[in-house]
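Have a look at the structure below, then the notes.
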Amino acid sequence: MISRGLFGWSPPHIQPLTPVSEVSEPPESPSPYLDTTAEGAAAAAAAQAEDEEEIEEVEEIEPPPAAVPFSRLFACADRLDWTLMIVGSLAAAAHGTALVVYLHYFAKIVQVMGIRHGKGPPDQSLEVQVERFKELASSIVYIAVGVFVAGWIEVSCWILTGERQTAVIRSKYVQVLLNQDMSFFDTYGNNGDIVSQVLSDVLLIQSALSEKVGNYIHNMATFFSGLAIGFVNCWQVALITLATGPFIVAAGGISNIFLHRLAENIQDAYAEAASIAEQAVSYVRTLYAFTNETLAKYSYATSLQATLRYGILISLVQGLGLGFTYGLAICSCALQLWVGTFLVTKGKAHGGEIITALFAVILSGLGLNQAATNFYSFDQGRIAAYRLFEMISRSSSVANQEGGTLTSVQGNIEFRNVYFSYLSRPEIPILSGFYLTVPAKKAVALVGRNGSGKSSIIPLMERFYDPTLGEVLLDGENIKNLKLEWLRSQIGLVTQEPALLSLSIKDNIAYGRDSTMDQIEEAAKIAHAHTFISSLEKGYETQVGRAGLVLTEEHKIKLSIARAVLLNPTILLLDEVTGGLDFEAEKTVQEALDLLMLGRSTIIIARRLGLIRNADYIAVMEEGQLVEMGTHDELLNLDGLYAELLKCEEAAKLPRR
């Protein structure tokens, strides 16, 4: 265990090599942070025991992450993808095999060269040898062309099918994501993690099902064909090569195990040194106040001695492992060549076969090693696919594309005995037996204290959520029975913080609808936005959003109103639209809202009670229930909660002494 402290630190079982020359020994006066009393020792022992328990808890083995079977990675492949994968697999196998077949022809070339130097049958003329050499060289050229074509087909087919399949996965993921209700985003977060997941996980899947598969097939073909060519040419040398291979691999593996452990230790040592430096800088005022700069420097320098010791051990182990591995490999080659010499002198093989067998088996081992490196990508892809496919198979409790529609919409809205709580906080009731009736083409304002539940009415009307109990009715029909897309097309929503996309003003107002420029300008005029838009250099083509012009809150709200005007909805939902505006901006926006509300059933959520006096009805909410409803004058005469809220608001406007 490594003990932590700002000024006192030493690595486990390691003493400092030598004091650092630039740093003096620690001062004799004890640091105020180091308690040498019995109580301090007991506290330190208790803290050490707690740290050990924490480390034991951290070191508990966690179950492996869930993953899909490898075959499920190809669940989105169509007929063309399967064709590409089959062709790519055949090309990969040919590519991997051709590299080893080259060695077979290389052996024949060595044999012909040996004949040229008088080691072959004496009845063969020089011309015959040259012709034979040309034939073999031509064959190698053909192999090179085949490798080029096969490699090109392999990589092209697998990358193309990988792009095609991951495009389908992306599309399905986003489709399912946009069909979820708001409870899903409340539970899993709405901060971009679920979007970044598809970007990162799809890349892992693409890596696992594209060129990595072709690379794996290619290397496995090299492995099997290398063994075959080696044993066909000279099985004795191939067998020796195959037998000595595990010892070479074991030597490298053992050194890697030690290097891995030492690397972890040196990282821990660096982390401890960094922790000491970080604490010293973070509490530099206290450090200076107690004049402990020298002790801090000494503690940091002492902590670095461990990294030096580990660095020396790493260099020794790495050098020893590398030298021993290469030494074994060279000794193995020497043994194989000695056996090969014996076989040649006995007439059981010739030099070309010996060399071919030797290098074919070596190439086979390299192919197996390269094939194994792809398993990490395969595992990462299977884990990522589990996360994405789990989302793709998820159904929404709200999405209803098979519901009905109303032939004509009057706009009568009714909340009937509605109970509601968020799935992320089911123990907190938001609405408890809520009743509300909004007559057609009338405006009803909802007011109440913070936490009264008024803000939940709009998401229930939009069917972002469904009530736990009760019904929300439109012209007497439960909105659950209506087609969701059609329902939302009947509703216009204007909020205090409207969302603008990184598009032009024209496209933000149209928002995906096929509208003419005249219709867009007319909507902007009704929203009192045409004047400021025309004053811009590019007018309606001005880019806004994150990548464009930064608009004021007033201008954003006016564009949102123009968007609602263009929709021409039967029902209008206004969610504290003018809450963050100053008096002048509020006045112009309110004028635009008054025009928008004409002839529409409107629900207004407002905190400023002075803005809703012209509403047809005012509904007062308390603890998720409707407690008062009437006109402004009627509620004042009632002298209830509404009158109390109005008095509090007017009192807040008075200047403070």
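Just so you know, the numbers here start at 1 and follow the chain as drawn.
Using N, Cα and C of the backbone, Cβ positions are placed for all residues, glycine too.
The annotation compositional bias 'Low complexity' is assigned in TrEMBL to 38-48.
According to TrEMBL, the compositional bias 'Acidic residues' annotation covers 49-61.
Positions annotated as domain 'ABC transmembrane type-1' by TrEMBL: 86-380.
Per TrEMBL, domain 'ABC transporter' is recorded for 413-648.
What TrEMBL records for 15-61 is region 'Disordered'.
The transmembrane segment feature in TrEMBL is assigned to 82-105 (among others). Packing against the transmembrane segment (82-105) from elsewhere in the chain are residues 74, 136, 139-140, 143, 146-147, 149-151, 153-154, 156-158, 160-161, 164, 213-215, 217-222, 225-226, 228-229, 232-233, 356, 359-360, 363-364, 367: each is 6 or more residues past its ends and has a CB under 8 Å from a CB in it.
Here the transmembrane segment (140-161) has long-range neighbours at 77, 81, 84-85, 87-88, 91-92, 94-95, 98-99, 101-102, 105-106, 109, 209-211, 213-214, 218, meaning same-chain residues at least 6 beyond its ends whose C-beta is under 8 angstroms from one of its own. Among the features that TrEMBL reports, transmembrane segment is placed at 140-161 (among others).
Tertiary neighbourhood of the transmembrane segment (213-232): same-chain residues 85, 88-89, 91-97, 99-101, 103-104, 154-155, 157-158, 238-239, 241-242, 356-358, 360-368, 370-371, 374, 378, selected by CB-CB distance under 8 Å and a gap of 6+ residues from either end. Marked as transmembrane segment by TrEMBL: 213-232 (among others).
With a cut-off of 8 Å between Cβ atoms, the residues of this chain six or more beyond the transmembrane segment (238-259) that come close are 227, 230-231, 314, 317-318, 320-322, 324-325, 328-329, 332, 335-336, 339, 357-358, 360-362, 365. Under the heading transmembrane segment, TrEMBL lists 238-259 (among others).
Here the transmembrane segment (312-339) has long-range neighbours at 236-237, 240-241, 244-245, 247-248, 251-252, 254-256, 258-259, 262-263, 266, 354, 358, meaning same-chain residues at least 6 beyond its ends whose C-beta is under 8 angstroms from one of its own. Annotation source TrEMBL lists transmembrane segment at 312-339 (among others).
Long-range neighbours of the transmembrane segment (354-372) within the same chain, counting only residues 6 or more positions beyond its ends whose Cβ lies under 8 Å from a Cβ of the stretch, are 96, 99-100, 103-104, 106-107, 110, 215-216, 219-227, 229-231, 233-235, 237-238, 241-242, 245, 333, 336-337, 340, 343-344. If you look up TrEMBL, you'll see 354-372 (among others) marked as transmembrane segment.
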For the domain 'ABC transporter' (413-648), what's the mean pLDDT in this predicted model? 86
